[in-house]
Amino acid sequence: MNRLLKKMSMLAISSFMMASMLSHAAEFPDFTELVDKASPAVVNISTEQTITTKASNKGGQQLGPNSEELNEFFKHFFGQQPFSQPAPDQGQGQQRNSLGSGFIISHDGYVLTNNHVIAEADVIHVRLSDRREYIATLVGTDPRTDLALLKIDAEDLPIVKMGESDKLKPGQWVLAIGSPFGFDYTVTAGIVSATGRNLPSDSYVPFIQTDVAINPGNSGGPLFNLDGEVVGINSQIYTRSGGFMGVSFAIPSKVAMSVVDQLKQDGKVSRAWLGVLIQDVDNELAESFGLDRPSGALISRVLPDSPAEKAGLKSGDIIMEFNGEGIEHSGELPYVVGQLKAGEKVESKVYRDGKEQTISVMLESRPNDPKVLAQAQQDQNRLGMIVGEIPAEMAKRFDIESGVVIEQIIGGTAARNGLQQGDVITMLNGKRIEGIADFTAIAKDIPSGRSVPMRVIRQGYPMFIPFKIME
């Protein structure tokens, strides 16, 4: 009898567990209908580029399957190609191919993809889901957002429905369709991991971070929400292996469509320019500045002769609102500024010295000469950090008379010397630091490879450390 009761109990538990598992399984979305409707508007993009070599390299050898696609992937993300191949003799043309994805946004043949998919291509091929193939015309590109608009000579094409990316929230389901490694119409799904993600190399894009499996060939393909609307354009992944590692990034549809409108009309994108280097405000910085919570875009540097400098913005200001739009993360500011036009006068609400104030800014066109921006970053890249003026609240709290505060560690030199964000540098190479200009001038005179004493204040405690600029 006891055995019978025990067996019946185990059976009941097993039945309950199975029912529970089936119940949970039923909660997962069924993507089949979405894929059936959306796939016809997704396209495969391949390019041809003829390269004239300058030197012969007989030692190269092509390694592994799909190595050309992997080479293009590594070139875009890492600036190098891990797979080499025989190069023809000097002056001989060599054909290079690349693969990517895209999607149709108008019935008359406009196609959206990533700029890096078609960059420097001589011929762009677009293949539809019904196997029709067209040679595309390049309407325009925007390297800053990594977007390109193509046009094919066709009518009555299926199109995607564009969604509102600013309504996405972490935890929501999303789905990608593309051609990873040339495998057309591969479907992968996952969830939104974060929104408004700011990447150092793409300050104009508040990326959508997901865990959707993205690989070489997915670039330029659509990211759908459960309503079958495109909310993003798959663009980048974070990887240490060359393949998917659970972190991928998509350009929000809101950003993409604003770029598309300008590309259609002018073939290029024009943006206003503010002229500041910014960073996120974390918990420690928020506390040191006297903010109730982390928010806004902290100005780490104001570029010389920029609209920001002319308006009176300062290093250490925290931009909380710009042109009526709230700024929660630093990655949102470049996008907001980029939607405006040169010559517009806008209001900026900043947090300075413990209180909010409004500053009017007359925006200008972004300088065409890259040296203007490169010069502003030259010194900080050498030192591996961005420094700013000491906030009044921090100076008062730790009784600091002068110096500069490290607002961001950006490279090896500062990190290898043990410096940390929030450290206050008061003396360098035996010289007192009065401010940013003082610090920059002293640092310029320090030769690479030589250790000099640096006095820092960390959490109120002064200390000396040996500081060596890496060669």
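Each Cβ is built from the backbone N, Cα and C atoms, and glycine gets one as well.
Automatic prediction, not curation, is the source of TrEMBL annotations.
Its Cβ taken as reference, H116 (active site, charge relay system) is surrounded by 23 other Cβ atoms within 10 Å in the chains shown. Residues or ranges marked as active site, charge relay system by TrEMBL: H116 (among others).
The annotation active site, charge relay system is assigned in TrEMBL to D146 (among others). Packing around D146 (active site, charge relay system) is summarised by its Cβ count: 26 other Cβ atoms lie within 10 angstroms of its Cβ, all protein chains included.
Positions annotated as active site, charge relay system by TrEMBL: S219 (among others). Over all protein chains present, the Cβ of S219 (active site, charge relay system) has 31 other Cβ atoms lying within 10 Å.
Using a 10 Å radius centred on the Cβ of G217 (substrate binding site) and all shown protein chains, the other Cβ atoms total 28. The feature substrate binding site is assigned by TrEMBL to E48, H116, D146, G217, N218, S219.
Across all of the domain 'PDZ' (259-330), the predicted model scores a mean pLDDT of 89. For 259-330 (among others), the entry in TrEMBL reads domain 'PDZ'.
Per DSSP, the secondary structure of the domain 'PDZ' (372-460) breaks down as 33 helix, 25 strand, 31 coil. According to TrEMBL, the domain 'PDZ' annotation covers 372-460 (among others).
The signal peptide annotation in TrEMBL covers 1-25.
The two recorded residues, S219 (active site, charge relay system) and H116 (active site, charge relay system), have Cα atoms 8 Å apart. Secondary structure by DSSP for the domain 'PDZ' (259-330): 20 helix, 20 strand, 32 coil. Between the C-alpha atoms of N218 (substrate binding site) and D146 (active site, charge relay system), the distance comes to 14 Å. Distance noted between the C-alpha atoms of G217 (substrate binding site) and H116 (active site, charge relay system) is 11 Å.
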